[in-house]
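**Q** Right, I'll just put the structure down here and ask away after.
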Amino acid sequence: MAEPIRVLVTGAAGQIAYSLLYSIAKGDVFGKDQPIILVLLDIPPMLPVLDGVVMELQDCALPLLREVIPTDKVEVGFKDLDAAILVGSMPRKEGMERKDLLKANVAIFKTQGAALDKYAKKTVKVLVVGNPANTNCLIASKSAPSIPKENFSCLTRLDHNRASSQVAMRCGVSSDNVKNVIIWGNHSSTQYPDVHHAKVNVHGSEMAAYDAIKDDAWLRGDFISTVQLRGAAVIKARKLSSAMSAAKAICDHMRDIWFGTKEGEFISMGVYAGGNSYGIPEDLIYSFPVQIKNKTWKVVDGLSINDFSRAKMDATAAELVEERDTALDFLSQ
């Protein structure tokens with residue numbers, strides 16, 4: 001048996017974590033022969049709830065789960081980590097301006113970035129889920145200068161999965177018959193779900209998504225807005241934000257980091273934009289199509305970008321630049 005790895009989940013008493021922890025602990029993410037030490041971090045008022053989560057994890061009797069450590073202390077939470085899944089953030093409250101949200105989250109992710117820098121392994125893989133995810137990820141990375149920027153990513157896999165599923169349903173195929181959709185940019189309503197490079201397997205023959213769907217107006221209209229606004233639609237229906245689907249996307253994202261992407265396929269991740277070939281401003285966490293090998297991601301270069309896509313990619317980049325500049329102002333205060 002391998003040595004156990006230490007995996008941190010923050011916001012561990014929350015509803016995304018409740019859907020996520022079982023999948024991690026039973027081996028769906030890091031492998032069926034990889035023992036796990038789960039570290040669960042939350043704020044002090046949530047510790048009694050966290051005790052209940054720990055009891056449930058114990059009651060699952062999972063052979064790979066070696067230890068569960070509930071804590072509200074960063075020096076315990078971030079110690080010797082192999083992977084950190086930062087789910088907890090300040091949610092937007094009614095009447096809250098976006099800049100107030102950014103200010104609250106800059107404080108959280110500055111603290112967590114500094115804790116990663118001080119206590120975690122330098123090889124730690126950090127996934128930021130808490131919104132605004134791209135900018136929170138950038139702040140965490142800037143606050144952890146001794147950890148490579150490439151070790152930080154933010155979750156746009158949920159958007160990617162949403163886009164794949166919409167295409168699959170439209171074509172009447174299962175979602176594993178759709179590959180290479182792309183989410184460009186911010187995990188917000190400006191993100192650009194792009195299927196110009198996507199492929200759909202219909203009755204055993206692979207074709208371009210545009211050819212399989214044969215409805216350009218839908219692909220450039222309702223498809224994009226459905227994916228962009230899906231989170232809001234779930235909240236309206238459930239009165240709660242996406243949890244089960246977010247947890248599944250986190251598992252997909254971390255599993256791909258650990259084990260790599262399939263040959264000829266790419267997935268979407270918010271990653272550091274430095275050195276990209278698509279003209280996106282460098283000092284951002286921006287969602288690109290990536291391929292992963294040996295726990296290292298690489299942006300897929302050389303995809304043709306038409307004028308329609310270019311405008312959408314630039315619009316979401318502009319929003320991220322504005323968010324970043326606001327957040328960096330708070331960071332320097």
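From the backbone N, Cα and C atoms, a Cβ is placed for every residue, glycine too.
According to TrEMBL, the feature domain 'Lactate/malate dehydrogenase N-terminal' maps to 6-152. The NAD(+) binding site annotation in TrEMBL covers D42, N105, V129, G130, N131. Taken from TrEMBL, the feature substrate binding site covers R92, R98, N131, R162. According to TrEMBL, the domain 'Lactate/malate dehydrogenase C-terminal' annotation covers 156-330. Taken from TrEMBL, the feature active site, proton acceptor applies to H187.
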**Q** Measuring CA to CA, name the entry from the recorded positions R92, R98, R162, H187 that ends up nearest D42 (NAD(+) binding site).
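**A** Minimum Cα distance from D42 (NAD(+) binding site) across R92, R98, R162, H187 lands on R92.
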**Q** Averaged over the whole of the domain 'Lactate/malate dehydrogenase C-terminal' (156-330), what is the pLDDT?
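**A** In the predicted model, the domain 'Lactate/malate dehydrogenase C-terminal' (156-330) has a mean pLDDT of 97.
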**Q** Are there residues of the same chain, six or more positions away from G130 (NAD(+) binding site), whose CB falls under 8 angstroms from its CB, and which are they?
**A** T10, G11, L86, V87, G88, S89, M90, N105, I108, F109, N136
**Q** Report the DSSP secondary-structure composition of the domain 'Lactate/malate dehydrogenase N-terminal' (6-152) as helix, strand and coil residue counts.
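**A** Helix/strand/coil tally for the domain 'Lactate/malate dehydrogenase N-terminal' (6-152): 66 helix, 27 strand, 54 coil.
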**Q** A 10 Å Cβ contact count, applied to the recorded positions R98, R162, H187: which residue has the minimum?
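**A** Output over recorded positions R98, R162, H187: least Cβ neighbours within 10 Å is R98.
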**Q** Round to the nearest Å and give the CA-to-CA distance linking the residue listed as 'active site, proton acceptor' with R98 (substrate binding site).
**A** 14
**Q** Find, for the listed binding-site residues R92, N105, V129, N131, the residue with the lowest Cβ contact count at a 10 Å cut-off, counting only other Cβ atoms.
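**A** Checked R92, N105, V129, N131; of these binding-site residues, fewest Cβ neighbours within 10 Å: R92.
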